[in-house]
Amino acid sequence: MRLHPCRGLLAKCRTYHVGRTVRRSQSGETTMDMQPGGRDIVKVIREGYSVKIGDYLSDSWAIFARNAGAFAGYAFIVLVAGAGLNWALDLLTKQQLVINFVTAAIAAPLSAGFYIVALKLKRGQPTQFADFLKGFDDFVPLALAGMITSLLVSVGTILLVLPGIYLMVAYMFTNLLIIDRGLEPWEAMETSRKIVSKRWFSVFGFGLVLSLIFLVGAIPLGLGLLVAFPIIYSAIAVAYDDIVGSQRSF
């Protein structure tokens, strides 16, 4: 499968993982090692799909159970890193917009680690703890997408609330489209929005269930988040794989 050539800053960020899964052909186009099963996104948007919330949750639990220790350990690292980052930013600046931008930029590659491991386990592939850090291979596009998403959702929420909720749900698959299909930030955001908008209310219901899992996980002093985080991100990865179909060999 061939992807659009990257340009400018994003072109630079893509070239440093030449030795792994992304490389440039003689024509200058970017190619990636792919797995069978990916679907034509245009066809998905045109024909629609069904949202199988129960299946996604049961599959995500099964994925978590296969490597619970590693998932919980990485979730602990993410929580500690997030708390440390918020503490440092609070000392450096009181500008909430700046704090939101930096947090979104770091959170995107961290959360991508959950997606990568979940997709590998779903395929029955072996994993190692270092796989959780592979999201940083796409740090620049993920960080940019995270900051842009944060800005648009914040603006939408401030203006009328509902636009912010719409965008928060619509951008659910953005990071997966970046790490799996190699899309650029805005392209991934728009593609995710078009996919989700086809069944927005069903995906919104899925998001509500995931939010409930988060709230329940946060009750026992936040310790439940060591389980909730992996299940939430694994469920999103499973939903993406069912609706869009993952392709990249991580």
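The backbone N, Cα and C atoms fix where each Cβ goes, glycine too.
Residues annotated as transmembrane segment in TrEMBL: 68-85 (among others). Away from its own ends, the transmembrane segment (68-85) comes close to residues 102-103, 106-107, 110-111, 113-114, 117, 127, 129, 132, 222, 225-227, 229-230, 234 of its chain (Cβ-Cβ under 8 Å, at least six residues beyond either end).
Per TrEMBL, the feature transmembrane segment maps to 97-118 (among others).
Counting residues 6+ beyond its ends, the transmembrane segment (161-179) has Cβ neighbours under 8 Å at 108, 111-112, 115-116, 134-135, 138, 141-142, 145-146, 149, 152-155, 185, 187-189, 191-193, 195-197, 200, 203-204, 207, 236-237, 240, 243-244, 246, 248, 250 in the same chain. Taken from TrEMBL, the feature transmembrane segment applies to 161-179 (among others).
Positions annotated as transmembrane segment by TrEMBL: 200-219 (among others).
The feature transmembrane segment is assigned by TrEMBL to 225-244 (among others). Remote same-chain partners of the transmembrane segment (225-244), defined as residues 6 or more beyond its termini with a Cβ less than 8 Å from a stretch Cβ, comprise 37-39, 41, 44, 49, 51-52, 55-57, 59-61, 63-64, 68, 71-72, 74-76, 78-79, 111, 114-115, 118-119, 122, 172-173, 176-177, 180, 195, 206, 210, 213-214, 216-218.
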Counting only residues 6+ away from its ends, which parts of the chain sit with a Cβ under 8 Å from the transmembrane segment (200-219)?
50-51, 53, 56-57, 165-166, 168-170, 172, 225-229, 231-232, 235-236, 239
